[in-house]
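Asks: Okay, so TrEMBL annotates it like this:
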{"type": "COMPBIAS", "residues": "313-324", "note": "compositional bias 'Basic and acidic residues'"}
{"type": "DOMAIN", "residues": "23-302", "note": "domain 'Sugar phosphate transporter'"}
{"type": "REGION", "residues": "313-344", "note": "region 'Disordered'"}
{"type": "TRANSMEM", "residues": "12-35", "note": "transmembrane segment"}
{"type": "TRANSMEM", "residues": "47-67", "note": "transmembrane segment"}
{"type": "TRANSMEM", "residues": "79-98", "note": "transmembrane segment"}
{"type": "TRANSMEM", "residues": "132-150", "note": "transmembrane segment"}
{"type": "TRANSMEM", "residues": "156-175", "note": "transmembrane segment"}
{"type": "TRANSMEM", "residues": "187-209", "note": "transmembrane segment"}
{"type": "TRANSMEM", "residues": "229-251", "note": "transmembrane segment"}
{"type": "TRANSMEM", "residues": "258-279", "note": "transmembrane segment"}
{"type": "TRANSMEM", "residues": "285-302", "note": "transmembrane segment"}
Amino acid sequence: MSSSRFDSSKQYTTTSLVIGYALCSSLLAVINKFAITYFNYPGLLTALQYLTCTVAVWLLGKLGFLHHDPFTWETAKKFLPAAIVFYLAIFTNTNLLRHANVDTFIVFRSLTPLLVAIADTVFRGQPLPSRLTFLSLIVILAGAVGYVATDSAFTLTAYSWALAYLVTITTEMVYIKHMVSHLGLNIWGYVLYNNLLSLMIAPIFWFLTGEHTEVFAAVNENRGNLFEPVAFSAVALSCVFGFLISYFGFAARNAISATAFTVTGVVNKFLTVVINVLIWDKHATPVGLVCLLFTICGGVGYQQSVALDKPLLDSEKDNKKDSEKGEEDEELTPLNQGKLASVV
């Protein structure tokens, strides 16, 4: 009887974690778009998110709710290259959302398995994808090309940021995990280092991009009325959800199988598209949405084909696992990437 109650309680907890992750993940891209629409300072927005996550981890650690590795400069130096690439991924992601809609972001995010597969084959000596995997990648590419071709809101600026984001997020997926895996940090230690170091890097980009002049000009122009309720609410919401995705993402990953986690991620994409279409007009055309769904379906086929691939030699398994994690970790980024101890 007690065993039955325990199993029921465990199932309830797992369901709650999955629902929490699904809600946070599917809403986060839309919330970030909402935030950047009313608070048009991507560098400052991401810095506030890094600050929120860093303070939350430190404070909850002090209160005994979680355990994280202590911050040391020796470890920070080793972690710095990963933090820089992570910052660039989030920076380009936020600027992409600044200049394009959420659908464009999802399309380019869905292209990552294609680039990861190419990088694995060319730079890491992995075998060529199987026929089914290759077909799935072609479907992803075809859907993305169709989306771009029918995007009435196409601008060179938006797609430049999209390409920059695609390159940085692929770099992180293929190389960065190998750079930090030997550091032996726990989950919350990873989150702390990722966000604290990114917070330290942020001022450099404020001055390189000239965003600091925009912020100072806005402060001077709106002296006495610095906090607009809508903008403040949007930023606060994005910061809260950025931290929540850290907890629910890692907890759900530990509570369910990798396949179930991946399926949840795919469902989250569809939910994001539906929510984005329902709440406002900042979305793709009907034809563009069909191409977007086509791309997502290609991602589903990619996951299935990976699962059906022949067992690899032990020496190849770790590399293959990292390649598969590319698409699987998709919901851990933007900013959900970041707050999730990485992404990506």
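In case you wondered, yes, glycine gets a Cβ from its N, Cα and C as well.
Caution: TrEMBL annotation is automatic and unverified by curators.
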Asks: Within the same chain, where does the transmembrane segment (132-150) have neighbours whose Cβ lies under 8 angstroms from its own Cβ atoms, ignoring anything closer than 6 residues to its ends? I mean 6 or more beyond.
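Replies: Cβ under 8 Å, 6 or more out: 103-104, 107-108, 110-111, 113-114, 117, 159, 284-285, 287-288, 290-299, 301-302, 304-306, 308-309.
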Asks: Across the domain 'Sugar phosphate transporter' (23-302), what does the pLDDT come to on average, as a whole number?
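Replies: Mean model confidence (pLDDT) across the domain 'Sugar phosphate transporter' (23-302) is 80.
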Asks: Would you call the transmembrane segment (12-35) and the transmembrane segment (187-209) in contact, using three or more Cβ pairs under 8 Å, pairs 6 or more apart in sequence?
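Replies: Between the transmembrane segment (12-35) and the transmembrane segment (187-209), contact is absent.
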Asks: Looking only at residues six or more beyond either end of the transmembrane segment (47-67), which have a C-beta under 8 A from one in the stretch?
Replies: 186, 188, 191-192, 195-196, 198-199, 202, 206, 235, 238-240, 242-243, 246, 335, 338-339
